[in-house]
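Below you'll find the structure, written out as structure tokens, and then a few comments.
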């Protein structure tokens, strides 16, 4: 094992990276409220794992979506547990994200030189809310259907471009298969990819600039 480690150490300088991570100074004022961002990240990772597991059984069609969710809950091995963890972790992620935003705002974490960190964090907050909207529609039950119909109908109040925007969101004039396909693609591919990109921007900036001062 030592030879394998030495081979990687010679090429990647693993020890230097580990020393940098473990020797980072943590200010004395840091408390549990400064962990809210990390908890949000943990919830996101749980979402990715449980969501990926459910893609093996979920069918994104208007005729099969609800039945496939029922199958996950009643027939698939540990399906009820995986979906329940996914659901509760989603709620926890939103709650932790909101509390994290409040903590950063109250401690002045958005001020110079951390403006870009704040901007990327706000984008991540919007993406988190988008996860909720798109995921809500996937079971294709009554609550999900009407929630999507209302949310996608909001832009219709915008003059001139309102109706085209609604049709762009839904994929057609009404909520149907095109809407479900769009939301499924957004929820399982587009939003996770964008979230990963902005996290890769967000965390290095925190690492570089350090934690903001006390309240």
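Each residue, glycine too, has its Cβ placed from N, Cα and C.
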Among ranges 53-73, 116-136, 137-157, whichever one Swiss-Prot labels transmembrane segment: 116-136
The annotated transmembrane segment range in Swiss-Prot, which must be one of 6-26, 90-110: 90-110
Positions whose Cβ lies under 8 angstroms from the transmembrane segment (116-136), at least six residues beyond its ends: 40, 47, 90, 93-94, 97, 100-101, 104, 109-110, 143-144, 147-148, 151, 183-184, 186-187, 191, 194-195, 198-199, 201-202, 205-206, 209
Rounded to the nearest Å - Cα separation of residue 187 (heme b 2 binding site) and residue 202 (heme b 1 binding site): 21
Distance from residue 86 (heme b 2 binding site) back to residue 202 (heme b 1 binding site), taken between C-alpha atoms, in Å: 24
Long-range Cβ environment of residue 100 (heme b 1 binding site), under 8 Å and at least 6 residues apart: 36, 37, 40, 121
C-alpha spacing of residue 35 (heme c binding site) relative to residue 86 (heme b 2 binding site), in angstrom: 21
Around the Cβ of residue 202 (heme b 1 binding site), the count of other Cβ atoms that are within 10 Å: 21
